[in-house]
Amino acid sequence: MERVEEDDPKQNNVKTRPKGGLVTMPFIFSNEICEKLAVVGFNTNMISYLTTQLHMPLTKAANTLTNFGGTASLTPLLGAFISDSYAGRFWTITVASIIYQIGMTCLTLSAILPQLRPPPCKGEQVCQQATAGQLAILYGSLLLGALGSGGIRPCVVAFGADQFDESNPKEATKTWKYFNWYYFVMGVSILVAVTVLVYIQDNIGWGWGLGVPTIAMFLSIITFIIGYPLYRHMDPAGSPFTRLLQVSVSAFKKRKLAMVSDPNLLYRNDELDASISVGGKLVHTPDMTFLDKAAIVTEEDIVKPGQAPNLWRLNTIHRVEELKAVIRMGPIWAAGILLITAYAQQNTFSLQQAKTMNRHLTKSFEIPAGSMTVFTMVSMLSTIALYDRVLVRIARRYTGLERGISFLHRMGIGFMISVLATLVAGFAEVKRKEAALAHGLQDKAHAIIPISVFWLVPQYSLHGIAEAFMSIGHLEFFYDQAPESMRSTATALFWTAISVGNYMSTLLVSLVHKFSARADGSNWLPDNNLNEGKLEYFYWLITALQVVNLIYYICCAKLYTYKPIQIHGKDSESEGDAGVELASKV
């Protein structure tokens, strides 16, 4: 393989500028902290704001938040596309943060200014609902928030990882630590949001409850922009989707051609690929050979020296390998969906369980049911800290890997712990129902059963531990294995998996509710009285599905081929082992 010479201006630019590194982390993390404070602080209690402040009917309020959540889950793909294709990660984050700031400011003003919300209810009178104009401000604010979040989420994590130069061995080993730090910081901000911000909203007022994250977001934008001279900036390299489509089209056009006997005969063009292979060139892999036909040179493809080929007929092997890398990630991406489906039950059925149990710590203090997720966050943060400081050092002695274990192994551990979490949840529900039966409360849907809510702590904590392993491993996987010019897009897939997992939860609940119904009115998931249902069967159904999913994941991980990359500057005369490194070893 031809290598990029050291006098390549684009390559030289990245290597010689003393930018990036740990010094940039406070500027980048401040943006992520404030985005999470705003998103989680709003979403956790927003149903209360819509019903108590805007007097919106419960069903309409729930649908509003569902639509907002669905939109917000799709916008990261748009933000990633703009970042990778045109604007670059810094400017995408900056503009998206400003859009988010405008949305937050409008929402905060609606909570402060009386004319932007209906008057408060008096006595037993029918509450006046928000006017069309007041609702327009609400919907506009939520839409701006969804668009802003879509630009921030996929780009912040990739932009932070970009600050560590993969061609520098000393910096490359810090990349895996960065993902731990990123998720830890994100977890702390979520923990603050579900405790401090919710308390402010419920006890001090919505003006301050929405105003605090709005002010914090404004300060984070200023801080993020101030750090501009310190960042490493990766230039956008054109639409990644167009390149993937070009390879697909050209491979289809040449589908009847016989495959060349030597991979070295496939088309290469260092100058054409320079902007999308700054960190190194992808080398040929022997699988999915039907795509290699896109790089076969025919007489029709021959052009004059210096002239670019028709990319809808002929593509370089680097671009073919980009498509292969994206296809290989698909099965691993799909495996993460079911874990999110299991995790989602914490905000639904686990919450309903907690509401029926004794939540008193003292005679005067009772844990809010919605605050039980604190145990998930604390266990997740503790696991990340323990993993980073202890487990990695122990594992390193046996594996020889700087990161301790590979991200595929890390994800596998997370899957196994998630199986245990839903299994335990089923037994906790059996215990709760036994207590209800023993005290004659099985027919009383709203009665508090004399059993401690701390019986639910194991399932909450296990979900947190599982997330510390699986979600961070998933995030590492997408960034590490994605082609370098598609890293924002690949990171967006992480958020898309979360979205699909939540939708899968909704579908699964609907199907179980429908098909478990009996003529006598019984149901695994009853609408009114959880004590008369079979929630434990539902948890064990998810457990069984997760076991199948774990087997599927193990098969995918065993068959997965890490992307091999030709590092610029390595001495190699061909596509042999010299100069070729597996991206997973970074």
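Using N, Cα and C of the backbone, Cβ positions are placed for all residues, glycine too.
The following features are taken from TrEMBL:
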TRANSMEM  90-116  transmembrane segment
TRANSMEM  136-160  transmembrane segment
TRANSMEM  181-200  transmembrane segment
TRANSMEM  206-231  transmembrane segment
TRANSMEM  325-345  transmembrane segment
TRANSMEM  365-387  transmembrane segment
TRANSMEM  407-428  transmembrane segment
TRANSMEM  448-472  transmembrane segment
TRANSMEM  493-517  transmembrane segment
TRANSMEM  537-560  transmembrane segment
Note to self: Let me check one thing: do the transmembrane segment (448-472) and the transmembrane segment (325-345) come into contact, meaning three or more Cβ pairs under 8 Å with sequence separation of at least 6?
What the structure shows: yes
Notebook entry, point to check: Between the transmembrane segment (206-231) and the transmembrane segment (90-116), do 3 or more CB pairs sit under 8 angstroms, pairs being 6 or more residues apart?
Noted result: yes
Notebook entry, point to check: Taking residues 6+ outside the transmembrane segment (537-560), which of them lie with a CB under 8 Å of any CB in it?
Noted result: 328, 331-332, 335, 338-339, 341-342, 345, 349, 408, 411-412, 415-416, 418-419, 422-423, 425-426, 429, 508, 512, 516, 524-525
Item checked: Chain residues in Cβ proximity to the transmembrane segment (181-200) (below 8 Å; excluding those fewer than six residues from its ends, i.e. six or more beyond) -> 25, 29, 32-34, 36-37, 39-41, 44-45, 157, 160, 208-209, 212-213, 370-371, 373-374, 377-378, 380-381, 384-385, 388, 468, 471-472, 475
Notebook entry, point to check: Taking the transmembrane segment (493-517) as reference, which of 206-231, 325-345, 365-387, 407-428 has the most Cβ pairs under 8 angstroms?
Noted result: 325-345
